[in-house]
Amino acid sequence: MKRLLGGCGILGVGVWLSVTQGNFATLSSSLPSLSAANLLIAVGTITMVIGCLGCIGAVKESRPLLLTFFILLLLIFFLEILFIMLFFIYQDEIDHYAQRDLKNGLQLFGTEGNVGLTNAWMIVQTDFRCCGVTNHTDWFEVYNASRVPDSCCLEYSDNCGLDNPGTWWTAPCYERVKDWLNENLVALWIFALCTALTQILGLVFSMTMFCQSVKVETFYA
């Protein structure tokens, strides 16, 4: 039941973000659909479906549904562990790929049909007080000139990105975001541990009910 309610909540937040923050999309050029809203919608839908299977299986004491719930939950648990291991093993390669992909995304800034990406960069640079992926000079290749978007300016004004570099943020956005994640690492690990604990409890309870239903059927057989 908790997984079902949790899935509904995540799905609801994802839909709300999609409706209210539709212009805030991804910064990635190769994964244009990988926005926070779409990610939450996908996770919420999967969680809700799995939670629904477990809930119905528990109420009806259906062995096929309980077993399906157990297998799906176990598969997701192992995939999460695998992704975490791969992330730490290939962290340098992931950093290199992410920076290259983000720099490619800069070329789409301000172009037709890329309002989401443009707004995303403006929000990131304004909120994190940074400019570019690894340096403010990343924008020079986009404009073919020594200028940056106005969101890079210490004090925003129209066409302030044409002024001298002394009026721009110079901190790289990629490092700023990584520093922010490191500052909130404890909260992220607590969330991950709570999620893992919930999944383990779900596995234990579903298998316990499955075994009990087998014993009951064997007893009456």
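Note that Cβ sites are derived from N, Cα and C of the backbone, with glycine treated the same way.
A TrEMBL annotation is a machine prediction, not a hand-curated record.
Taken from TrEMBL, the feature transmembrane segment applies to 36-59 (among others).
Among the features that TrEMBL reports, transmembrane segment is placed at 66-90 (among others).
The annotation disulfide bond is assigned in TrEMBL to CYS131-CYS152.
The transmembrane segment annotation in TrEMBL covers 186-205 (among others). If one looks beyond the transmembrane segment (186-205) by at least 6 residues along the same chain, the residues whose Cβ comes under 8 Å of a Cβ in the stretch are 2-3, 54, 58, 69-70, 73-74, 76-77, 80.
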With every protein chain in view, what's the tally of Cβ atoms within 10 Å of the Cβ of CYS152 (disulfide bond), excluding that atom itself?
26
Under an 8 Å Cβ to Cβ limit, what residues of the same chain, 6 or more beyond the ends of the transmembrane segment (66-90), are close to it?
46, 50, 53-54, 57-58, 196, 199-200, 202-203, 206-207, 209-210, 213
